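Structure, as structure tokens:
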Amino acid sequence: MFYTETYDVIVIGGGHAGTEAALAPARMGFKTLLLTHNVDTLGQMSCNPAIGGIGKGHLVKEVDAMGGLMAHAADKAGIQFRTLNSSKGPAVRATRAQADRVLYRQAVRTALENQPNLDIFQQEATDILIEQDRVTGVSTKMGLIFRAKSVVLTAGTFLAGKIHIGLENYEGGRAGDPASVNLSHRLRDLGLRVNRLKTGTPPRIDARTINFDILAKQHGDEVLPVFSFMGSVDDHPQQIPCYITHTNEQTHEVIRNNLDRSPMYTGVIEGIGPRYCPSIEDKVMRFSDRNSHQIYLEPEGLTSNEVYPNGISTSLPFDVQMGIVNSMKGLENARIVKPGYAIEYDYFDPRDLKPTLETKSISGLFFAGQINGTTGYEEAAAQGLLAGINAGLYVQEKDAWYPRRDQSYTGVLVDDLCTLGTKEPYRVFTSRAEYRLLLREDNADIRLTPIAHELGLIDEARWARFNQKMENIEQERQRLRSIWLHPRSEYLEEANKVLGSPLVREASGEDLLRRPEMTYDILTSLTPYKPAMEDKEAVEQVEIAIKYQGYIEHQQEEIEKQKRHENTAIPANFDYNKVSGLSNEVRAKLEQHRPVSIGQASRISGITPAAISIILVNLKKQGMLKRGE
């Protein structure tokens with residue numbers, strides 16, 4: 001049975017990737033359908049109730065800079081905000097919000113239901129319809145067929161998902177939700193390379209059974225950060241603290257004594273788990289020299305009694321989980337509300353994707369989120385946004401768009417996945433980016449909002465606000481450049497009181513601000529440089545641009561060198577077997593990866609500079625040497 005309407009884009013899945021993937025083409029004007037097995041779990045935070053963190057906060061800001069939802073929802077739901085690495089340089093500072101699960105889900109659903117060009121339908125997708133290697137639509141469990149020109153699959157952990165608690169296991173996409181078994185079988189039939197990964201979650205604890213009085217309290221920042229460039233502190237709900245406890249030798253003994261009942265340590269689980277979010281049993285065994293691990297007790301919401309014990313993800317049996325929880329300070333009488341578990345699921349080799357997240361073998365089919373081997377809400381959202389954009393562009397047969405590594409953390413994420421692939425759940429870190437001084441949270445809008453405007457992703461209100469900010473930055477920099485202070489100035493004594501060393505030669509406001517002891521606030525407290533600008537975002541950009549000017553210019557020079565051939569395109573039909581001078585190993589790797597550019601080829605393990613030179617020579621000989629944008 002065919003559904004009465006035809007869509008431009010269909011998105012399967014209503015998680016963090018799916019919601020961004022559906023909103024993006026709808027904002028661009030494409031008729032979009034979001035297909036989900038349960039409309040009540042749209043935007044569900046399946047694991048930890050938090051958004052952001054090191055590297056992850058950068059992704060949230062980038063999604064927001066292009067009109068995405070995650071930052072807005074985090075502002076509406078954040079019950080504790082912190083800036084991580086606040087004492088370090090601006091490149092690695094990151095925003096993190098503890099979120100109320102219910103408020104977050106409400107914010108997501110409200111945005112989806114009020115988005116023009118977007119329909120939502122509750123039904124499990126069981127098949128992707130393909131004709132002549134081109135996607136044509138989706139069929140559902142009840143036999144309903146939806147026609148579309150492009151499809152974005154964001155299945156999360158649902159593809160052949162299997163939940164493990166102790167040595168017991170059962171099919172499931174997450175606790176309380178069924179797995180997508182039929183869809184998994186269909187995708188395997190398409191010949192895409194598939195493997196298994198696993199992730200886990202800790203037991204949830206009843207807050208009424210925790211003795212908070214004897215635990216260390218962790219408050220959020222006094223000056224509350226805001227995630228969205230369009231947001232304000234007024235968006236935030238009531239702020240509440242988290243608490244800290246620790247595992248101890250008794251905890252570790254409980255774990256060691258029950259490893260024979262662990263699905264991980266008995267070989268029942270075959271999928272590889274996230275390296276940077278290990279289970280508590282993994283931590284105890286891998287770091288056997290440590291007799292304690294810090295555990296954060298994070299509230300799940302303002303109206304919920306559930307507490308998320310961040311740091312004790314486990315798949316051990318329920319009685320062992322009780323032993324672990326009750327062995328810790330403040331949790332001696334704690335009661336578990338929901339058991340922890342591990343989940344195994346299918347993921348597909350991201351090297352089979354273009355950097356647009358379209359599959360190489362099936363035109364119009366895009367993958368985003370955990371199906372590509374990533375872990376984390378933020379990584380999923382960034383991929384969803386990118387896949388949604390390109391699903392829309394594909395419909396109009398327009399040139400695809402994807403960010404470069406020097407342009408965004410999303411670009412780093414996608415390039416890593418599509419070039420190198422992954423054998424374990426991939427998460428973003430600032431250390432993965434070569435040009436992280438340029439890829440800061442604070443300048444995500446400067447990097448990406450003009451592109452978003454060109455693509456039709458943002459409204460005129462956001463565009464006007466962005467342009468006003470850019471104008472404020474330029475005007476203030478020009479003002480500081482034009483005001484000079486000289487050694488005979490009547491304001492010299494006032495200035496010398498705040499300068500580390502007396503002024504001996506004429507200096508502009510920019511020159512003074514470059515001094516390590518000087519800040520914008522101090523500078524604009526001096527009579528010649530009053531008044532301070534009120535636009536705090538613009539102030540931040542002015543101060544960073546001036547103080548880090550030398551470092552920024554150096555990185556930009558490095559980027560220009562790299563870009564010389566970074567975007568030189570390699571045609572899809574380029575035959576490496578006809579290129580003389582390449583070793584069999586290099587030829588095989590290039591055929592396997594099918595890089596789309598010289599830059600991507602150069603990052604494949606084992607591809608030497610000599611091999612890159614040979615390819616460039618052959619591209620030139622064959623008249624194929626074209627520079628990308």
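All residue numbers here begin at 1 and follow the chain in the order shown.
Placement of Cβ uses the backbone N, Cα and C atoms for every residue, glycine included.
Worth saying up front: this structure is predicted, and the values here are computed from it rather than measured.
What Swiss-Prot says about this protein:
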type	residues	note
BINDING	GLY13, GLY14, GLY15, HIS16, ALA17, GLY18	FAD binding site
BINDING	273-287	NAD(+) binding site
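Features per Swiss-Prot, on structure.
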| residue | record | DSSP (3 states) |
| --- | --- | --- |
| GLY13 | FAD binding site | coil |
| GLY18 | FAD binding site | helix |
| ARG275 | NAD(+) binding site | coil |
| GLU281 | NAD(+) binding site | helix |
| PHE287 | NAD(+) binding site | coil |
- For GLY273 (NAD(+) binding site) and HIS16 (FAD binding site), what Cα-Cα distance in Å is obtained after rounding to a whole number? 20
- For SER279 (NAD(+) binding site), the number of neighbouring Cβ atoms whose distance to its own Cβ is within 10 Å equals 26
- Message: Given a 10 Å Cβ-Cβ cut-off, pick out the one of the binding-site residues ALA17, CYS277, MET285 that has the most other Cβ atoms nearby.
- Response: ALA17
- Sorted by position, what residues of the same chain at least six away from GLY15 (FAD binding site) have a C-beta under 8 A from it? GLY43, GLN44, SER46, THR154, GLY156, GLY369, ALA380
- Task: Identify all same-chain residues not among GLY13, GLY14, GLY15, HIS16, ALA17, GLY18 whose C-beta atom falls within 8 angstroms of the centroid of the FAD site's C-beta atoms; report them in sequence order.
- Result: VAL11, THR19, GLU20, ALA21, THR36, GLY43, THR154, GLY156, GLY369, ALA380, GLY384
- Note on the structure: Rounding to whole Å, the Cα atoms of GLY13 (FAD binding site) and CYS277 (NAD(+) binding site) are apart by 24
- Note on the structure: Using a 10 Å radius on the Cβ of ARG275 (NAD(+) binding site), the other Cβ atoms enclosed count 12
- Out of the binding-site residues GLY14, ALA17, GLY18, give me the one sitting nearest to MET285 (NAD(+) binding site) by CA distance. ALA17
- Message: Quick check for the class: what is the C-alpha distance, in angstrom and rounded, between SER279 (NAD(+) binding site) and GLY14 (FAD binding site)?
- Response: 27
- Task: Looking only at C-alpha atoms, tell me how far LYS283 (NAD(+) binding site) is from GLY18 (FAD binding site), rounded to the nearest Å.
- Result: 32
- Message: Whole-number answer please: how many Å between the C-alpha atoms of GLY18 (FAD binding site) and ARG275 (NAD(+) binding site)?
- Response: 25
- ARG275 (NAD(+) binding site) versus HIS16 (FAD binding site) - Cα distance in angstrom: 21
- Query: Of HIS16, LYS283, which of the binding-site residues has the most Cβ neighbours inside 10 Å?
  - Reply: HIS16
- Round to the nearest Å and give the CA-to-CA distance linking GLU281 (NAD(+) binding site) with ALA17 (FAD binding site). 30
- Item | Among GLY18, GLY273, which are binding-site residues, the residue with the most C-beta atoms within 10 angstroms of its C-beta | GLY18
